[in-house]
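Notes to accompany the following structure.
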Amino acid sequence: MADVNKVVLAYSGGLDTSVILKWLQDTYNCEVVTFTADLGQGEEVEPARAKAQAMGVKEIYIDDLREEFVRDFVFPMFRANTVYEGEYLLGTSIARPLIAKRLIEIANETGADAISHGATGKGNDQVRFELGAYALKPGVKVIAPWREWDLLSREKLMDYAEKHNIPIERHGKKKSPYSMDANLLHISYEGGVLEDTWTEHEEDMWRWTKSPEDAPNVATYLELTYRNGDIVALDGVEMTPATVLATLNRIGGENGIGRLDIVENRYVGMKSRGCYETPGGTIMLRAHRAIESITLDREVAHLKDELMAKYASLIYTGYWWSPERLMLQQMIDASQVHVNGVVRLKLYKGNVIVTGRKSDDSLFDANIATFEDDAGAYDQADAAGFIKLNALRMRIAANKGRKLF
């Protein structure tokens, strides 16, 4: 193996990364620094400290990144109304750039010459982590054990852990459960019965949301206040970004909002089925489009929609730190200067229904849009010339004998 003196490992404390920790120590004979990120995954992160200490790790980083995650990554993404392939709200994808950033920061702080992660060679995360790392520290060495070792099943990982006395909690028999990933934006489920695209997901799989059938029979109303495209208050109460998302997750989950079962196209070429719970994000997307509907110029709104697919693809495929994503972000953020106001929503049994929107920056003019007497605010006779000019090219083509069918 190449000389490695110190490596920073993205460490969850679970089976995979605990095995990786021991494997790095034995294979590279190097010092390992562990980094555990609290992104609001809903699990205690402190046990990772005890596990790392038990395995001889001397430098242990456990960072609360919830506010930075939502403020600097989730909110900017939602300003673009970002959706991948029409459905996926990119809950896993958007967390990876922050983890990569912090891995590199810790490597610089500790003098480490390598970083390591637990992403497999089949998935998107290996690309996301490593593109981010190379963008931020071009000369860094990246160690991806799943692309090097022969521990290619959960059973082999468990056997390795037992052989090397790695502290791992065992639940029941040796059986592959769902592969899950969680943060403050979502929780994902892959593998197991989901690998058969015809098999319905099991109800007890879901952890954050009630089934819409079991959600309350009474609707919940919410008012979201926007400033420059970001939510700053719920029902008039100002909140930090992370608190906004956590609160929307709770309320949305209670109302059966945010479940998704999709087959997506991975960057590496394969199709993959995943189930997702994104209650807060689902609410945020609907509300943001509602406030933009009255505050954005038509052509700006349409251009944003055209650019969104590219922006979503950049995030999904790991190009958050690329110059093209940064360029698009500047355009998106410039469009949000007038995206201010309040959106009222009704949440009911899995549905997010917009019931009102208002803004001092609204471009909606009731005097012009009214079906009643507009007192001359809009001259309907002007429409005749507008229509004729827009039809001119088609009229010319028809006069030249061009056939349409």
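Cβ from N, Cα, C; glycine included.
Keep in mind it's a predicted model, so treat the numbers as computed, not measured.
Cross-referencing Tyr134, Tyr276 against the L-citrulline binding annotation in Swiss-Prot, which names Tyr88, Ser93, Asn124, Arg128, Ser179, Ser188, Glu264, picks out Tyr276. Residues Ala10, Tyr11, Ser12, Gly13, Gly14, Leu15, Asp16, Thr17, Ser18, Gly118 are recorded by Swiss-Prot as ATP binders, and the candidate that the same record lists for that site, out of Ala37, Ala95, Ala135, is Ala37. Look at Gly14 (ATP binding site): DSSP puts it in coil.
Here the binding-site residues are Ser93, Asn124, Ser179, Ser188, and the one with the most other Cβ atoms within 10 Å of its Cβ is Ser93.
Across the structure, Ser93 (L-citrulline binding site) and Asp125 (L-aspartate binding site) place their CA atoms 8 angstrom apart.
Neighbour density for Tyr88 (L-citrulline binding site): within 10 A of its CB lie 21 other CB atoms from the protein chains shown. Ser12 (ATP binding site) is 20 Å away from Tyr276 (L-citrulline binding site) when you measure Cα to Cα. Under a cutoff of 8 A between CB atoms, and with a sequence separation of 6+ in the same chain, the neighbours of Arg128 (L-citrulline binding site) are Ser93, Arg96, Pro97, Ala100, Ala119, Thr317, Gly318, Trp320.
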